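Below is one structure, written out as structure tokens; comments come after it.
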Amino acid sequence: MRSIFKRNKKKSSSKDRQEDSQGQSKQPINASLSANLDVIKQKTGNSSDIVFRTLKMGRHSEIKAAVVYVKGMVDSQAIHDFLIESMMNNRDLHEKLIREKTMAVITEEVVAFGGIKPVSGLDELLSSLMSGETAILVDGISEALIASTRAGDKRSIQEPTTQLAIRGSKESFIESSETNIAMVRRIINNPNLWVESMKLGKVTKTDVSIMYVNGIAKDEIIKEVRQRLKKINLDGILESGYIEQLIEDQTMTTFPTLYHTERPDVVAGNLLEGRVAIFVNGTPFVLLAPAVFIQFFQSVDDYYARFDIATAIRFLRIFTFFISILGPAVYIAATTFHQEMIPTGLLIIVAAQRESVPFPAFVEAVIMEIIFEILREAGVRMPKAIGSTISIVGALVIGQAAVQAGIVSPAMVIIVSITAIANFATPSVAIAISARLIRFLFMVSAATFGFYGIILALIVLTVHLCSLRSFGIPYMSPLAPFIPTNAGDTIVRKPWWMFKERPRLMAAGNNVRSGENQQPQPPEDREIKMNAGKGERNES
Amino acid sequence: MEKAKISAYQLFVLIVLFELGSALLLPLAIEAKQDAWLAILIGMAGGCCLFFIYYGLYHYYPDILPTEYTQKIIGKFLGRILSFLYILYFMYLAARVLRDFGEMLLIFAYSETPLFVTNSLLIIVIIYTVRKGIEVLARTGELLFVFIGLLAVSGFLLITLSGVIQVTNLQPVLENGMLPVVKTAITQTLYIPFGEIIVFAMIIPYLNRPEKLKRTGLYALGVSGFSLALVMAMNISVLGVSLTARSQFPLLSTIQTIQVEQFLERLDVYFMLTLVIGGFFKIAVFSYAAVTGAANLFNVKEPSRLVYPIGVVILLISMIIASSFSEHIEEGVKVIPLYVHLPFQIIIPTLLLFAAYLKNRNKNLN
């Protein structure tokens, strides 16, 4: 495993070197220590959080050396114990160092650190310094050592906040991508889990890593992900959302074509299906590519619960998605255009309610929907202490008072509430938000052409969804194009012993998922054994 | 030809949706009275024979569109003219279905809305779809096919539960012998909807596995034929012959008889869903054939650009094709089958197949 890491690091550092050499002429490290320190100070604008610890080492303390690091980003305890201490105390170093004039001596005999590498360029030194590594400079040697002392404060691993599950791991990702990668590795203990790293963002130099299971993920998709990431040329990558918007296939759509998650078990499950994960340092949200429509209706619980329960819940989710899109639109169409389609008893009730309302159904619905959206937006950003105010204001003022004042009809309040709750029942926020937007289009088409408008809008929506692709994979697969062996994990969820194949469009070569005869087969002679047990007890 | 491939299942779905498209809604083969279902089945058998003609032509030229192989069979000049006529034929049929569709919508639900508005809305949706290409159209078909299937099953259940089916309405079978039934089949159901499968000659070159074409086509024709016969038999058994014949949309009348527990009633939305989705697919397939044919014939690099003008032309033809709905229906029943469908669906393809046979036989001899 370590070798994989090392190799990838080498790759990324060589890439950096190339980029730097393209950007500006490469400045070598000077032989004089004080000159080097001056240059670093000058280049970093004398920033106060950069620590220059000068020391002398060797038998007669003749060799001047310096340890440079950024406060707060390094493990200062380790620097003290394994770098400074051993450098100052190692008294036999002097002659060798004078004789050979290389850093190799220090690497071999002084530094008790795992990750260490020599650098010769100043820019490389600076970029390592800024990412939390420690530089060791020695007077008279035109080379520096970089020790990987990255540490610093990070949030502890907590329970997920956006993707809750009743059953399953309680871990969620944190902001450090190193920790996140390790969390996935803890689940998939396999040397075929490969990681590639790169730095993106001209100014921020953010660590971005892609992870996949070699032999399961398709080479074309990995290559495509790599290419699209390399094309990114932005000053800063602050969140995986930046990357999502820069590498998606289709920008003119409200539907997400990449999946983001904060659960390591979701990432692991998707890697096993042949997807590629993209980790971005600084955010707990990991991207998964390619994404398909039905994926946004899958929750980890589905796979942990038994298949009949999971299937029933999948049905419910898809039903609620339709409600959250169509709810108000159908109400508008039925009350404005197609009253004859409402059963008479219900029609009388609705008509009696609407009698006192001064607005047409469409206006009423739009007002209520917009008020609800305002409530929701306010609720998201409200400090917790005053959060309950919103619900009181929302429930009492909007619900009760507006109806009593005759501004909206009670039926409309019911419709809007059902729509809102149905919207929350979608497991993925990304697709719930697009449903929120599309709902308004459906309301407009219902208000202008009734059910005809709704049906046309539905057809356009279907065509649009079918035309989307995510990294070349049709967005509606495996439903359209219909792939029978993979359709068992869409609207229905097959029992695990029937999952024979990975998604065909995504997984390469190694497509077989489970062995033969996975169906549980309890021994047929169980009853006999129980009788035998009874018999024994009787005898004793 | 765009770079696209569709699977056999997708082709199957497209053919079924296309065949059911508008035929499901009309009083199909009602001249055969209570034996309409039989006339439909005979028409289907004839449709299968026609399919073999088109299949034979495809067999000789599996990789190119008909607009190209007509030029190879009967020469560049004549072939181009013929191809052009076929493109016009597809556009005309698209316009006919669009007119049917718009008029139905007006009569059934939107009596105050101008025909132009309903038609142009649908054609906008179709332009959007056709521009995305055949793959997207096929995938959309796959999803909506399941939807229509669910509608059909639940509809059948509800009608059965309402207890309005009277099988005696279908008797006596063959009251006046076979002749009227066969006559209806040959003069009507053979052309609409089964002969219209000729439009798929423009689509089958996209099939990814050509060896599956024959089975797929026959299955699709069979499924659509049996569904149509079943629906027509159901209409007649619920409404009776005379009411079915007088009704403009027997399926709508049948659906309106659904009444379960005083609650599930007036499910007109079922009819509207079938109407719009079916009409959409039929017109979209015709338009796609016209667009891809025109692009091929005139060497247009980006076929998607042709969608807009052809869509607008279809819309305009649908408006000026007839001055009233009854004129439109009269044309459709009396004139079109004999003077348009017969040559375009049967005579020309048969002659082409014969010519292609002679040509390829000579090649083999040499």
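The backbone N, Cα and C atoms fix where each Cβ goes, glycine too.
TrEMBL: automatically predicted annotations, no manual curation.
Quick look at what TrEMBL lists:
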TRANSMEM  B:12-30  transmembrane segment
TRANSMEM  B:36-57  transmembrane segment
TRANSMEM  B:77-95  transmembrane segment
TRANSMEM  B:107-131  transmembrane segment
TRANSMEM  B:143-165  transmembrane segment
TRANSMEM  B:185-207  transmembrane segment
TRANSMEM  B:219-243  transmembrane segment
TRANSMEM  B:269-294  transmembrane segment
TRANSMEM  B:306-326  transmembrane segment
TRANSMEM  B:338-358  transmembrane segment
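Within the chain, the transmembrane segment (B:143-165) has long-range Cβ neighbours (under 8 A, six or more residues past its boundaries) at 13, 16-17, 20, 227, 234, 237-238, 254-255, 257-260, 264, 267, 270, 273-274, 277-278, 281. Ranking B:77-95, B:219-243, B:306-326 by CB pairs under 8 A with the transmembrane segment (B:269-294) puts B:77-95 at the top. Across the candidate stretches B:36-57, B:77-95, B:107-131, B:219-243, B:306-326, the maximum count of CB pairs under 8 A to the transmembrane segment (B:185-207) is reached by B:36-57. The stretch from B:12-30, B:306-326, B:338-358 with the most CB pairs below 8 A to the transmembrane segment (B:107-131) is B:306-326.
Below 8 angstroms of C-beta separation, residues 6, 36, 39-40, 43, 97, 100-101, 104, 137-138, 141-142, 144-145, 148, 184-185, 188-189, 192-194, 196-197, 199-200, 203, 216-217, 219-221, 223-225, 227-228, 231-232, 235, 241, 244-245, 247-252, 271, 274-275, 277-279, 281-282, 285 of the same chain, each at least six residues beyond the ends of the transmembrane segment (B:12-30), sit close to that stretch.
Pairs of Cβ atoms less than 8 Å apart link the transmembrane segment (B:77-95) most often to B:306-326, out of B:36-57, B:306-326, B:338-358.
Note on the transmembrane segment (B:338-358): residues 50, 53-54, 56-57, 60-61, 69-70, 73-74, 82, 85-86, 89, 92, 187, 191-192, 195-196, 198 of its chain, located 6 or more positions outside it, place their CB under 8 angstroms from a CB of the stretch. Long-range Cβ contacts of the transmembrane segment (B:306-326) within its own chain (Cβ-Cβ under 8 Å, at least 6 residues beyond either end) map to 91-92, 94-96, 98-99, 102-103, 107, 115-116, 119-120, 123-124, 126-127, 130-131, 283, 287, 290-291, 294-295, 300.
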